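Participant: Here you go, one structure.
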2 protein chains.
Amino acid sequence: MNGTSPLAPTHFPDLPAIAGVTLRVARARYKNWDRCDLTYVELAEGTAVAGVTTRNLCCSTEVEMCREGIARGSARALIVNAGNSNAFTGYRGREAVELIMTAVSGHLGCAKEDVFVCSTGVIGVPLPKDKARDGLAAAFEASPCTWEEAANTILTTDTFAKGAMAQAVIGDRTVNIVGIAKGSGMIAPDMATMLAYVFTDAAVEPAILQAMLSSANRDTFNSITVDSDTSTSDTLLVFATAKAGNPIIRRMDDCGADALAAAIRSVCRDLAHQIVRDGEGASKFVAISVTGAKSDSSAKRIGLAIANSPLVKTAIAGEDANWGRVVMAVGKAGEPADRDRLAISFGDTVVARDGLPVDGYDETPVAAHLKGQDIRIHVDIGLGEGQATVWTCDLTHGYISINADYRS
Amino acid sequence: MNGTSPLAPTHFPDLPAIAGVTLRVARARYKNWDRCDLTYVELAEGTAVAGVTTRNLCCSTEVEMCREGIARGSARALIVNAGNSNAFTGYRGREAVELIMTAVSGHLGCAKEDVFVCSTGVIGVPLPKDKARDGLAAAFEASPCTWEEAANTILTTDTFAKGAMAQAVIGDRTVNIVGIAKGSGMIAPDMATMLAYVFTDAAVEPAILQAMLSSANRDTFNSITVDSDTSTSDTLLVFATAKAGNPIIRRMDDCGADALAAAIRSVCRDLAHQIVRDGEGASKFVAISVTGAKSDSSAKRIGLAIANSPLVKTAIAGEDANWGRVVMAVGKAGEPADRDRLAISFGDTVVARDGLPVDGYDETPVAAHLKGQDIRIHVDIGLGEGQATVWTCDLTHGYISINADYRS
């Protein structure tokens, strides 16, 4: 693990307990390290689950089995293994996941299908069954731990633990929503993210929970990119324990559904931004907003073309207001765009408009903005009403250093 | 300009003169430098032209006007400006191009539309008309120069001049084909390349020349990527002066058409590989071949997903046989693939097969291969007959250094 990202929050947030959620961690020693790397979350009976998983076609066994569990809609436990993604490990990898599911279902006396397993780390090495078995046995015996301990235990190359919370009022009850996440490389949209887990004590039916999560995911985890790479293991799960005592939400127009959806979205956005802030080698957090596109989806594709451009990302690392590279990225997105109607701003300064540099714009506030850690780029396409915001980080020597070395 | 790429050829090739092609260079001083930066190529009457240009929607005026000239099929001159791409400069940029076309057509007494203008360099600064005018005047007066001088004059961030040649026999005549090119960043497929010019003394009709060029382009310039970014100015032009005395080629089944097409493809491939070898910061040349895909186009998309993955490229920079990242890239390509049928080789060693690492494969030849400068990765998808090869370079600290600084 490298030094903490300069974009990290000053401290891990205070997060409330969620009734029906018990966290434990243990040392499975999946790698040659002395830290907790197995997280075991016990969930109350009656917990609903929803989720989004990677679209990478070479996904891990864990992802395939999470998808089956999500389709059933109920959960009793979550296991997260850190240090080994168990991806591309064929039948041997599958055996390890089956072993974990069987052990946990035996321990809890629940259906095997109610056990969710995720793994993150190196690809291509089967998860060692003996370490998983011993780690689980230790986790079963461990005392419950804090959110921060669990958030630390799921990390791999991350430089800080990621947590977030929100509340929502449903009828006369206040429900809590807490999330933890990990991820700092191999981050790109069209997937959930690396790993993110959201827990709430709200009572909500799985189908509605899924609708809320899918909608939140679109504008949060699926709107971030660190390096355009899509992991084979990415999983976002939300668990609702129904312990808050609110009348169960069965439809999107039920009382409090909007509030719960907004709170889930807020937690997802907070975690997604933290993942970008921990982007490998990141020195700047970049928000790219696109307006005036033909549609929202067109705006998002343009935003991601900018966010994924190595030339834009290196320019930001160099604190260079190189809007020419932004023009290039808009043009390569393949979406409707008219060079002569484009306007581009850095921070609050319009630097180009109507296909031309703005004559004699004041470079002082632009330079000052680019020296900061939070960069805003706004592109107006000038063609329609579509808009989107995406988030990324800059591309620095740190990214190269981290990724030219990392393996096993 | 940085030090010469470690992947550069040892010397510029010996290139024959092409009858009907006269090269001159001059100092327009588009930037604050003391080097030739304006290339003027005079072409004999009756020269046919074909071309491929960037698909970037925010392309330069030069590209738009080259497209018009390509549609007409005849050429008398080529002007290449280095140091200023004149892209995203609106009507002011267009005026500069018109000025150049008018000046050259006046000098040669030819149609304005027979003058081809290309510019490369910084985006968003209108090409200064006075410098263009003075540079042209100097070029008109200059003595003819060599291919190497012209190849040097069109460069910007390149670290070496790029040239290539081939010959073809058409009936009882041997025709010559010579190409020069520039480009080392903002290189990605779905465009021509940066700038590449091919000259031949063969007699061939423009429509057939276009067919030969488009076909060659697909497997050469459109199969390379340095950084996945697509320039706003990329242009590949081929000029045929008809001075060799061969019977003019009017159809693809005419005598010698195959030989000419093969020679043009050979020159394009050589230049395309040289561009990758001059990729910004490149320390290794990487050939990625994909077989067993559902179709050739599917194989190419998978190959490019691997070639554009920052995680694959940094692993190669680190001489790490990290085939897990290759699996990830295959999966994110979105093309038909079955994790459990994939096979992956580095050099001549199969490291993964049937969705599993090959037990106990010999790491010695793999490590030795990765220490070299020419890296081969082979992926067999195991589903069909589709195949493609793409070429890229690794992603190093050098790329960051070059691009976090470069502007004006």
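Placement of Cβ uses the backbone N, Cα and C atoms for every residue, glycine included.
Bear in mind that TrEMBL entries carry predicted annotations, made automatically and left uncurated.
So TrEMBL lists these for the protein:
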BINDING   B:THR156, B:LYS182, B:THR193, B:GLU280, B:ASN403, B:SER408  substrate binding site
ACT_SITE  B:THR193  active site, nucleophile
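Can you tell me where each of these features sits in the structure?
Facilitator: For B:ASN403 (substrate binding site), the count of additional Cβ atoms within 10 Å of its Cβ stands at 28 [all protein chains shown].
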Participant: Looking only at DSSP and grouping its letters into three states, which state does B:ASN403 (substrate binding site) belong to?
Facilitator: helix
Participant: In which DSSP state, out of helix, strand and coil, do we find B:THR156 (substrate binding site)?
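Facilitator: Reduced to three states, the DSSP call for B:THR156 (substrate binding site) is coil.
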Participant: When C-beta separations to chain A are restricted to under 8 angstroms, which of the binding-site residues B:THR156, B:LYS182, B:GLU280, B:ASN403 qualify?
Facilitator: B:ASN403
Participant: I'd like the number of other C-beta atoms within 10 A of the C-beta of B:THR156 (substrate binding site), please.
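Facilitator: I count 21 other Cβ atoms within 10 Å of it.
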Participant: Taking DSSP as the reference, which of helix, strand or coil describes B:LYS182 (substrate binding site)?
Facilitator: strand
